[in-house]
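These notes concern the structure reproduced below.
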Amino acid sequence: MRESLKNSKRLVIKVGTSTLMYGNGHVNLRTIEKLAMVLSDLRNEGKEVILVSSGAIGVGCHKLQLPARPTDIPDLQAVASVGQSELMHIYSKFFGEYGQVVGQVLLTRDVTDFPISRENVMNTLESLLSRGIIPIVNENDTVAVEELEHVTKYGDNDLLSAIVARLVQADLLIMLSDIDGFYKSNPTTDPNAIMFSEINQITPEIEALAGGRGSKFGTGGMLTKLSAATYCMASHQKMILTNGKNPTIIFDIMQGAQVGTLFANKKEAFSHDRTH
């Protein structure tokens with residue numbers, strides 16, 4: 001079943017704040033550099049790659065020497081403004097070391113919900129990919145708000161990555177997190193916790209296993225990753241949740257190794273005939 005992943009041509013890689021940042025709030029440059037190397041090499045191999053990256057607020061907090069995320073919207077958005085600029089500078093530097101060009105794409109929920117602007121986003125991503133450029137997608141935290149009549153926030157980049165995967169008809173979404181996969185119990189409290197190798201259906205029992213919030217600098221948790229998996233499976237797409245501590249694990253996934261948890265409908269798990 002994992003063997004079919006070798007044929008994946010178009011990939012969406014999602015990396016969370018917990019992977020990009022140390023627990024002390026500093027930027028994990030080692031991981032970011034490895035990620036740039038891996039994705040650049042996948043491009044050299046002929047794969048099409050889109051990176052959905054969190055971290056604007058976390059990097060902004062580091063840049064501004066803040067001990068924690070601000071709680072009010074204007075301060076959060078100001079920090080995101082600083083952080084997104086710094087984050088893209090870091091990415092551009094490391095990807096540039098491997099001769100890989102990247103392009104920034106900032107989205108809000110209303111843009112991908114509205115048909116005309118959604119088509120524009122799809123065309124932009126297709127144009128970038130056709131030129132061998134790796135789009136780096138993030139939510140536009142500087143302007144995104146959540147109001148009663150005008151919702152522009154995705155809520156988290158887990159869902160955003162699934163939406164992007166659907167927009168570009170990706171063959172595989174790889175979600176890099178701070179956990180090895182989806183477990184039957186909490187691995188931080190249960191040393192004997194068993195990890196699912198594959199999930200073919202999101203049942204109420206599976207939903208009940210999802211925990212709470214993520215890191216202190218991020219917004220996601222296991223529940224949001226499960227929501228992203230549900231979104232992917234509804235689109236007949238595959239998603240793998242795995243640990244992003246060492247991004248070279250992506251190479252293992254692309255070789256069909258049994259790492260992380262694969263979310264795929266039963267028939268999709270064995271098939272791979274998507275074309276672009």
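Glycine residues also receive a Cβ, built from the backbone N, Cα and C atoms like all the rest.
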Record-annotated substrate site (Swiss-Prot): member among ASP72, ASP75, ASP141 besides SER54, ASN157: ASP141
Cα-proximity to ASN157 (substrate binding site), 10 Å cut-off, over binding-site residues LYS14, ASP178, MET222, THR224: LYS14, THR224
Winner by Cβ contact number (other Cβ atoms within 10 Å) across the binding-site residues MET222, THR224: THR224
Distance, ASP178 (ATP binding site) to ASP141 (substrate binding site) (CA atoms, angstrom): 22
LYS14 (ATP binding site) versus SER54 (substrate binding site) - Cα distance in angstrom: 8
Secondary structure at ASP178 (ATP binding site), reduced by DSSP to three states: coil
Winner by Cβ contact number (other Cβ atoms within 10 Å) across the binding-site residues ASP141, ASP178: ASP141
